[in-house]
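Q: This is the structure, below, for whatever I ask next.
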Protein chains: 2
Amino acid sequence: MGDASQRRTSRASSGGPVSELGEFGVIDRIVAGRPQPDGTLLGPGDDAAVVAAPDGRVVATVDTLVQGVHFRLDWSAPEQVGRKAVAANLADVAAMGAVPTGLLLSLACPASTSTDVVEGLAAGIWDAASEVGVGVVGGDTVSADQIVVTITALGDLEGREPVRRSGAKVGHVVAVCGVLGWSAAGMEVLRRGFRSPLAMVAAHRTPRPPIAAGPIAARAGASAMIDTSDGLLADLAHVAEASRVRIDIRSELVPVADKLRDVASALGGDALRWALTGGEDHSLVACFPDEDAVPEGWTVFADCRLGIGVTVDADRWGGAGDPGWRHWR
Amino acid sequence: MGDASQRRTSRASSGGPVSELGEFGVIDRIVAGRPQPDGTLLGPGDDAAVVAAPDGRVVATVDTLVQGVHFRLDWSAPEQVGRKAVAANLADVAAMGAVPTGLLLSLACPASTSTDVVEGLAAGIWDAASEVGVGVVGGDTVSADQIVVTITALGDLEGREPVRRSGAKVGHVVAVCGVLGWSAAGMEVLRRGFRSPLAMVAAHRTPRPPIAAGPIAARAGASAMIDTSDGLLADLAHVAEASRVRIDIRSELVPVADKLRDVASALGGDALRWALTGGEDHSLVACFPDEDAVPEGWTVFADCRLGIGVTVDADRWGGAGDPGWRHWR
């Protein structure tokens, strides 16, 4: 490796271990001096936070990243891990058609963890949060044998019904907003010891889901929505099952970027396979009643038919052995 | 050891490892068949949950328990760990004067973890949640080297202002609802290899904070409130600092249960010290304008004076070396 992220990680050890700061010192490093948006009615420092929920309902989701499972600090800088953790959560809020309103962070880490790693994680989390106008409103810090980053995201539906996985109907079209397969390609690049193309590596280290596109799709009448966390096929299978439809993907319409094809050629990979099965892009996939309803920036690549499940060009893809990413498997 | 909880843990290994279930199988074990209350507008199974927030604001807090740090499965059954994790969170919601509305669970555990352990954790979490009328509305399950249970609790303020730590004023009285020092005594009992008195052991394994007392105190005009997670002195110090008052404890008014004195005598401990510094009871401590405002079930044991900090019988307690429980120290 020896890339920028590793140098950053090595340099980070100059900050001393978190054991020197103690619990409250660590919390201070995470939240002190960070401006909170208006929607944070009571930020960190009390028993709990208070966040505006103007809709009278609150959208809530939690995601956990574990060192050695979801990230490696020799592949990603702490800032990138922080960003990635937030991206996964915000994409879940966006996939309901909601607007993010706040984040809570639980950070478990060994006593020997460099304070610079904690500050890096916090910086990445805050950067990603600030981009969508929310704050880290509260959290917890505890000791553990490995770094475990758990983020809870809250959101507001702005008076709309949540866009569930179950609303797609036969005849609806399926569209994607965001990249497909880039994170998988980036992981393969890093696994082989390369550091470019940068776009793929960055997509793996710090996916940038199109958060604002979620509420836009909801306003446009999306009937079902999900984010691609386990891979397009695996995630669409959830939509197909919940909606009782068969989603047929037309492979020539799946947006496969030229850069993805280049990486696939160089590494002997399959670009379409990455696009269909690669996880962790956290792009948004939504069903719409018809093509006219699909907002700008979305690409239609499938439609909903009679049946249940996901097919590619009317054939079932890969069978049961290819369900995308699963834990403990 | 060899007590009931250990037998339970041993027996639990009959369920096979979670790796056989996979991520979605584990989620199913946690949420399937559990009834959700009316306030859960959309429960588990989509990208995010939707919970009622009738107040137009939502109270949110997160707490993490780590195996080997916060609990041991040879001291506590999984059900007890689940209960304990929820208790800590609900106490934080109650300490704001809010009513709990929902929980989210993130469970990280090794692939070799028995499914019975997961089911036990889930059962304890659900039991504690059901007692206050909320559900586990969503979550995440991931693999990790040790069990890490992270719970996010949401709450509703019912139109009231949150009871912060900063509202106490000189002349206000300080009262407690719930036990003091019982969890610390129970831990000491277990550490010495005993299994009774049961009340203390149970208080350590499954603290039962007086959740309903939080909103009652808020309605009664509590000016500041906190739950005792790090120990009475350490937690009151947060209130004293935030409110810019000196809280003077009258030691003879601190509720020290006869049972606590008995355990202290038997083990050579100091019952008052446990009551003042023992953590994890998650009892509620609140300041009120005067004694008349203190609700039934609360015991006045201190008052707010000029100055900053906490004193016992007008003397500073123990000095800087005795701040209660800290992580990484």
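Backbone N, Cα and C define each Cβ position, glycine as well.
The structure displayed is predicted, hence computed values, not measured ones.
Per TrEMBL, the features are:
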type	residues	note
BINDING	B:Asp47, B:Thr61, B:Asp92	Mg(2+) 4 binding site
BINDING	B:Asp47, B:Asp92, B:Asp227	Mg(2+) 3 binding site
BINDING	B:Asp63, B:Asp140	Mg(2+) 1 binding site
BINDING	B:Asp63, B:Asp92	Mg(2+) 2 binding site
BINDING	B:His70, B:Glu280, B:Trp325	substrate binding site
BINDING	B:Gly139, B:Asp140, B:Arg165, B:Ser229	ATP binding site
BINDING	B:Asp230	Mg(2+) 5 binding site
DOMAIN	B:45-155	domain 'PurM-like N-terminal'
REGION	B:1-20	region 'Disordered'
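Describe the structural context of these features.
A: Contacts of B:Asp47 (Mg(2+) 4 binding site) defined by a Cβ separation under 8 A and a same-chain sequence distance of 6+ are given as none. Taken residue by residue with DSSP, B:Asp47 (Mg(2+) 4 binding site) is part of neither helix nor strand, so it is coil.
Residue density at B:Asp227 (Mg(2+) 3 binding site): 31 other Cβ atoms are found within 10 A of its Cβ, drawing on all protein chains shown.
Annotation for B:Asp140 (Mg(2+) 1 binding site): same-chain Cβ neighbours under 8 Å, separated by at least 6 residues, are B:Leu105, B:Ser106, B:Leu107. According to its DSSP assignment, B:Asp140 (Mg(2+) 1 binding site) is in a strand.
Look at B:Asp92 (Mg(2+) 4 binding site): DSSP puts it in a helix. When other Cβ atoms within 10 Å of the Cβ of B:Asp92 (Mg(2+) 4 binding site) are tallied across all protein chains shown, the result is 30.
Within the same chain, residues at least 6 positions away in sequence whose Cβ sits under 8 Å from that of B:His70 (substrate binding site) are B:Thr64, B:Lys84.
Cβ environment of B:Ser229 (ATP binding site): B:Ala88, B:Ala91, B:Asp235, B:Gly279, B:Glu280, B:His282 lie under 8 Å away, each six or more residues apart in the same chain.
Cβ neighbour count for B:Asp230 (Mg(2+) 5 binding site) (all protein chains, 10 Å cutoff from its Cβ): 22.
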Q: Rounded to the nearest angstrom, how far is the Cα of B:Asp63 (Mg(2+) 1 binding site) from the Cα of B:Arg165 (ATP binding site)?
A: 18
Q: Which of the three DSSP-derived classes (helix, strand, coil) applies to B:Glu280 (substrate binding site)?
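A: DSSP call for B:Glu280 (substrate binding site): coil, neither helix nor strand.
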Q: In sequence order, which residues at least six apart in the same chain have a CB under 8 Å from the CB of B:Asp63 (Mg(2+) 1 binding site)?
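A: Spatial neighbours, sequence-distant, of B:Asp63 (Mg(2+) 1 binding site): B:Ala85, B:Ala88, B:Asn89, B:Asp92, B:Thr150, B:Ile151, B:Ala153.
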Q: Does B:Gly139 (ATP binding site) have same-chain partners at least 6 apart in sequence with Cβ under 8 Å from its own Cβ, and which are they?
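A: Correct list: B:Ile27, B:Ile30, B:Val31, B:Pro44, B:Leu104, B:Leu105, B:Ser106, B:Leu107.
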Q: For the binding-site residues B:Asp63, B:Asp227, B:Asp230, return the ones with C-beta distance to chain A below 8 angstroms, or 'none'.
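A: The answer, in sequence order, is B:Asp63, B:Asp227.
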Q: Where B:Asp227 (Mg(2+) 3 binding site) and B:Thr61 (Mg(2+) 4 binding site) are concerned, what is their Cα separation in Å, rounded?
A: 13
